[in-house]
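*Asks:* Below is the structure I would like to discuss, written out as structure tokens.
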Amino acid sequence: MSGGRDLVSPEPDNDEYAIEAALRPKRLDEFIGQARVREQLSLVLESAMRRNRPPDHVLMSGGPGLGKTTLAMIIAAELGMPLRVTSGPALERAGDLAAILSTLSEGEVLFIDEIHRMARPAEEMLYLAMEDFRVDIVVGKGPGATSIPLDIAPFTLVGATTRAGLLPAPLRDRFGFTAHMDFYEAAELEQVLTRSARLLSVDLPPEGAHEIARRSRGTPRIANRLLRRVRDFSEVRADGLVTREIASAALNLYEVDGEGLDRLDRAVLGVLLRKFGGGPVGLSTLAVAVGEEPETVEVVAEPFLVRQGLIARTPRGRVATASAWAHLGLTPPPDAFGASVLPSLFDEA
Ligand SMILES: Nc1ncnc2c1ncn2[C@@H]1O[C@H](COP(=O)(O)OP(=O)(O)OP(=O)(O)O)[C@@H](O)[C@H]1O
């Protein structure tokens with residue numbers, strides 16, 4: 001992958017975990033944006049604390065880097081309870097989950113990241129655990145196998161998923177509360193950046209924060225990463241003050257354009273417009289044409305391009321909008337938005 005792609009990828013880099021931990025808000029009132037989720041969650045937590053019972057299980061859905069792990073940590077901190085962290089791919093067998101569930105203490109918060117990737121047997125064990133705080137441990141094999149019920153301490157499950165649609169309904173239904181995490185507004189990202197700059201001792205005036213925020217793809221993780229690159233640039237090429245010009249020059253150098261599009265985004269748009277006349281074209285054809293995996297195009301580039309109103313997903317494939325042509329400075333062919341395409345623009349594929 002190119003340097004530019006890594007810079008605006010919503011997934012964390014390997015060496016990014018420590019710095020992310022340092023920048024994480026620790027309490028709900030420090031958490032920026034997602035006003036609705038924050039208010040809903042604070043009600044869920046407060047009423048549980050008043051009743052002196054663990055709150056309902058919480059499902060968080062939303063793209064990578066939007067703050068799901070941060071919120072899970074905040075939930076535990078607000079409840080004053082320990083947090084146990086695991087992930088769907090780590091729960092391959094029911095025994096993996098049983099080992100965790102049977103050692104939870106009362107009221108503990110269990111965070112399962114990427115919960116949609118849990119193996120089936122573990123998932124079935126989780127149903128019973130979530131509902132009755134019980135697991136059935138199967139002893140032995142074949143016809144002689146018996147199942148021994150085991151009570152577990154009441155706990156709160158916090159599940160996170162980037163693909164809520166992939167969760168089986170019985171699992172989804174067992175969460176008492178679902179928090180839908182959305183992309184952040186630029187003004188919210190400016191607050192995230194200002195807070196991070198303070199923690200990292202970066203001299204970031206509001207206009208510098210504004211310039212970085214608008215190129216951060218609505219994602220705090222990307223905002224924090226761009227801030228670090230801009231800081232490097234300002235320290236080496238200037239006096240450390242991150243003015244608008246410095247932020248802009250640094251991000252241009254890293255090929256993140258004025259709307260946060262990077263090389264892959266522009267490649268997807270370029271192919272869609274130049275090669276396929278604006279579409280419709282299928283995802284896998286598009287991915288082959290830009291030399292990427294379909295999943296990378298679907299999970300990383302496409303949601304942002306759709307959100308920016310540059311492409312639309314239709315039942316017949318991906319279609320460029322008028323803004324896409326304008327963004328690349330191209331003129332659409334006369335039939336680009338013909339009757340066959342327009343009515344389906346708003347049907348999600
Ligand atoms: N609302 C917020 N306010 C301030 N910083 C935030 C906020 N949300 C996320 N961040 C910052 O963004 C970084 C990424 O957040 P986090 O790890 O919680 O995302 P995530 O949704 O769990 O991502 P993934 O799905 O990849 O695990 C963290 O370092 C955190 O500091």
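Cβ atoms are placed via backbone N, Cα and C, with glycine included.
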*Asks:* Let me know which member of Arg120, Arg172, Arg174, Arg231 TrEMBL also records as binding ATP at the site of Leu23, Arg24, Gly65, Lys68, Thr69, Thr70, Glu131, Asp132, Phe133, Tyr184, Arg221.
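*Replies:* Looking through Arg120, Arg172, Arg174, Arg231, the residue TrEMBL assigns to the ATP site is Arg174.
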*Asks:* Whole-number answer please: how many Å between the C-alpha atoms of Arg313 (DNA binding site) and Tyr184 (ATP binding site)?
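*Replies:* On Cα coordinates alone, these residues lie 22 Å apart.
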*Asks:* Which of the binding-site residues Leu23, Thr69, Glu131, Tyr184 has its Cα nearest to the Cα of Arg318 (DNA binding site)?
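*Replies:* Its closest listed neighbour, by Cα, is Tyr184.
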*Asks:* Leu23, Gly65, Thr69, Phe133, Arg318: which of these binding-site residues put a Cβ within less than 6 Å of any ligand 1 atom?
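*Replies:* Once distances to ligand 1 are taken from each Cβ, Leu23, Gly65, Thr69 fall under 6 Å.
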*Asks:* Are there any residues in the same chain, six or more apart in sequence, whose C-beta is under 8 angstroms from the C-beta of Tyr184 (ATP binding site), and if so which?
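*Replies:* In sequence order, Ile32, Gly33, Gln34, Leu66, Val192, Gly218, Thr219, Pro220 meet the Cβ cut-off.
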*Asks:* To what whole number does the mean pLDDT across the region 'Small ATPAse domain (RuvB-S)' (185-255) round?
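*Replies:* The answer is 93, the mean pLDDT of the model over that range.
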*Asks:* Check Arg318 (DNA binding site) against DSSP and tell me helix, strand or coil, would you?
*Replies:* strand
